[in-house]
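Undergrad: Before I ask anything, here is the structure I am working with.
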Amino acid sequence: MISDESLFHNSVITLYLIAPPTFISLIFLQAPYGKHHRPGWGPNLPPPLAWFLMESPTLWLTLLLFPYGQHSSNPKSILLITPFLIHYFNRTCLYPLRLLNSPSKKTSNGFPFSVALMAFVYNLLNSYLQSRFVSHYKIYDVGCCFWFKFFGGVVVFFCGLWINVWSDRVLLRLKGEGKGYVVPKGGLFEVVTCPNYFGEIVEWLGWALMTWSWVGLGFFFYTCANLVPRAIANHQWYLEKFGEDYPKNRKAVIPYLY
């Protein structure tokens, strides 16, 4: 029977191995949900239900595994896992509720079950890694080193979280106005097409700094591999749909750069 240490080690390697093919495949084939929805991917779920189900392991599996770690009662480990849980409480519970209460839900496309299932499996892997690392495998510094890394990372993390949540609210409000797709304006939408993705990338950069680990860095890399190609596709979609009316100075995901 495989030991937890071997399982953890192999899971870390898996996280890094799946990032490059994810990036390459998404450059050529966008996940068929939202504005990229298209038939041929099997049955669809209502988007609020899909988001709730596929993101749910980040809460229930994390909370299930965390108490079994050797550092589970260490205040530092509890403090460290909190931002992770805050993000995923928003993504698993609050975001689906916003979708459910949005007037646009009557006209929104479904979410393919096959895509939700792939996301569910990834979240099983990632939740296992992040929760086991924080609660069991991380070596907690006795001095100030932990706090420097934690507070530096947590500032970055919550800046990203604010950008992510604010951007999602703007997009949902625009969709709820019933005018179809329009050009978002204001805030970071003036410089990037997808500030919601930029915010999430910033969040997990902060997480990598907080955890100061290969596990956190792998999560950041995979987030980039997943979201950067989609941001590029979204940017191209807006350019094709709105043509000359779309601001030419906007980048896809990284302000002023990319």
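Quick reminder: no glycine exception, Cβ is built from N, Cα and C everywhere.
Quantities reported herein were computed from a predicted structural model and do not represent experimental measurements.
Residues or ranges marked as transmembrane segment in TrEMBL: 7-29, 49-66, 78-97, 109-125, 146-165, 204-228. As annotated by TrEMBL, domain '3-oxo-5-alpha-steroid 4-dehydrogenase C-terminal' applies to 111-258.
Map these features onto the structure and tell me what's around them.
TA: Listed by sequence, the residues of this chain that lie at least six past the ends of the transmembrane segment (49-66) yet keep a Cβ under 8 A from its Cβ atoms are 33, 72, 81, 84-85, 88-89, 91-93, 95-96, 99, 110-111, 113, 115-117, 119-120, 123-124, 126-128, 130-132, 134-135.
The residues of the domain '3-oxo-5-alpha-steroid 4-dehydrogenase C-terminal' (111-258), classed with DSSP into helix (H, G, I), strand (E, B) and coil, number 110 helix, 4 strand, 34 coil.
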Undergrad: Taking residues 6+ outside the transmembrane segment (78-97), which of them lie with a CB under 8 Å of any CB in it?
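TA: For the transmembrane segment (78-97), the list is 47-49, 51-52, 55-56, 58-59, 62-63, 66, 72, 130-131, 134-135, 138, 150, 154, 157-158, 161, 165, 168, 203, 206-207, 210-211.
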